[in-house]
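The structure under discussion appears below in the form of structure tokens.
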Amino acid sequence: MGMETEPNGDGSQPQSRPSILRYDSPLFQVILIGVVCFCCPGMFNALNGMGGAGQVDHTASNNANTALYTTFAVFGVLGGGIYNLLGPRLTLFSGCLTYVLYAGSLLYYNHHHKQPFVVTAGAILGIGAGLLWAGQGAIMTAYPPVRRKGTYISIFWSVFNLGGVIGGLIPFFTNYHRVDAKSVSDGTYIGFMCFMFVGSVLALAVLPPGKVVRDDGSRPSNVKYSSVRVEGLEIFKLFLNWKMLLLLPAAWSSNFFYTYQFNNVNGLLFNLRTSGLNNVFYWGAQMIGSIGIGWVLDFSFKDRRTRGFVGIGVVAVLGTTIWGGGLAEQLKYSLDRKPTVLLDFKASGSAYAGPLVLYFSYGLLDAMFQSLCYWVIGALANDSETLSRYSGFYKGVQSAGAAAAWQVDAHKTPLVTQLIINWSLTTIGYPLLALLVALAVTNGDKSEDDDAESKISQHPAVLDGHTLRENASARPM
């Protein structure tokens, strides 16, 4: 127990060594990419979650987010191919730096109130986010052992969303005594920038898949970096892939609801310091949700396909309940009947409790829904090359939906209409995910065989271009 073997270069018997949090273990690498995302998109989520990115006028933020998710939609799809060309370190590092630029543009806007820089920074961030999330998706779905992908996804999601929790405390404390403030202080943006820069540096420590060793001695992938022609062709094929087409509605809806929840729940109902505190609960709920659905997807039943069906059912029932509660709350106000007194966590008393529970529940559902989608993606293949493309497709479509959502809000669409659109989009995704699980997810045998193939293909003779047909019969049964 707790020991690991790795094939020796000379073909001799591999030696055992401790496996707890080894630098080259899948667990350490998934935690590491979680910390990177804690610092960059985690802090971005906390910033965006305040509504209008901490500005009283949401126009600049809405336009920046539209530009962001438009380029994200393109580079999310292309990101998988770029990851296969550049490898994880350069892909992740270049993506992380764009988060620093975006937070800096909001610091600039705090003084000059000129949109072009913010919108341009948003578009550049979309490019960087496409690269970061394609790499993250490949690592999170390809590195873990087949039977523990749900657990590793939940670990990543918990570490990542801890960034939103800590990030929510930054505007809460820096604006604590500014009860009537409309825009956050400079120190808030500077704090976010510091975290994002640290994440950029940490991205350089992520290992490529060929250097990661699982507890059974296998490696996630034996893929050599691809070519532009091959990646272009494979990306084109994604749009003809029936698995990706079944995933498309769930992907489209999975970030669509952020605009409504951030701007029109947290941004309209609460004052500035309370909206920052709410983010602590929103992203904290995501940690709870990811752990819960991760257990269901990995441990609830022996049969993997059954676990997938149960997971979809749990998320569907919970989602219907939460959106129903959201509708009840939404009927109390609208764009024409905005709350005259914003809720404060200290002054509002019991009136604060109901909206807080609703916002907490939105965070819970978000993590469960997205963790479910990533689990399904991870169940479709085991190799990093394929999963980087699948993850890139998912993030690209997700971002296209988000870009549309920010414009839906920018055009002052009635809030009840926005809620119903969000509710409907997520609901459409459930039966299609179930169909995808039924048709494409095996009960583990094929995946385990794929892992065995991966282990053999890592033998030095294979990496040198030779075949090992004579050794194929020696695979562990």
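From the backbone N, Cα and C atoms, a Cβ is placed for every residue, glycine too.
Listed ranges 280-297, 352-369; the one TrEMBL annotates as transmembrane segment is 280-297. Where the transmembrane segment (188-207) meets the stretches 67-85, 155-176, 280-297, 420-441, the count of C-beta pairs under 8 angstroms peaks at 155-176. Long-range contacts of the transmembrane segment (239-260) within the same chain: residues 48, 62, 65, 69, 362, 366, 369-370, 373, 376-377, 380, 390, 393-395, 397-402, 404-406, 408-409, 415, 418-419, 421-422, 425-426, 428-430, 432-433, 435-436, 439-440, each at least 6 residues beyond the stretch ends and with a Cβ under 8 Å from a Cβ of the stretch.
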